[in-house]
Amino acid sequence: MTLAKDIARDLLDIKAVYLKPEEPFTWASGIKSPIYTDNRITLSYPETRTLIENGFVETIKEAFPEVEVIAGTATAGIPHGAIIADKMNLPFAYIRSKPKDHGAGNQIEGRVTKGQKMVIIEDLISTGGSVLDAVAAAQREGADVLGVVAIFTYELPKATANFEKASVKLVTLSNYSELIKVAKVQGYIDADGLTLLKKFKENQETWQD
């Protein structure tokens, strides 16, 4: 199996991902979705966690070999980022969604120097808005953000457009297309469910029509 398939299988097995094409979830954005993902659960499963962290390390070495500092998004990217930085013997920082309203008012915790080549770790990409805010915060502090690496992406067109607009490279360990294929093979969904899941990827507004 490839890394993308292995991670997709594990996410399904540990119930970090739920697929309910017939009874969709409602996201915070209001979108009705056949999938719900909580990758924080991966931290509770050592084998899955190790698979993911090793995948991150190999992916970063291949895609961003010049990296000098790892940063995690608060809060989901922090534990993964800290483990990765430790494995790669690199400095670590984390980026808040907004500056603290007390003390020094920091948005980035940890020491980041001007021009330092940074890779930002995220657990899940939906539209990409929150992690791209983190990228912008790091750039304001003078970091040279090489790109974002995430565990999983829904592959939504809006995310692709947002990353292209921001001129930020995105690499993920697994993705929606791989996951629904694995889900069908392993019996998590039937043929009708697979059809609905494919329609969701094509159009998040009309997939139920």
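Every residue gets a Cβ built from N, Cα and C, even glycine.
If you check Swiss-Prot, you get these features:
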- Arg96, Lys100, His102, Glu122, Asp123, Leu124, Ile125, Ser126, Thr127, Gly128, Gly129, Ser130: 5-phospho-alpha-D-ribose 1-diphosphate binding site (BINDING)
- Ser126: orotate binding site (BINDING)
Item to check | Ile125 (5-phospho-alpha-D-ribose 1-diphosphate binding site) CB neighbourhood, other CB atoms within 10 A | outcome: 26
Next on the checklist: Please identify which of Asp123, Thr127 has the densest Cβ environment, defined as other Cβ atoms within 10 Å, among these binding-site residues.
Outcome noted: Asp123
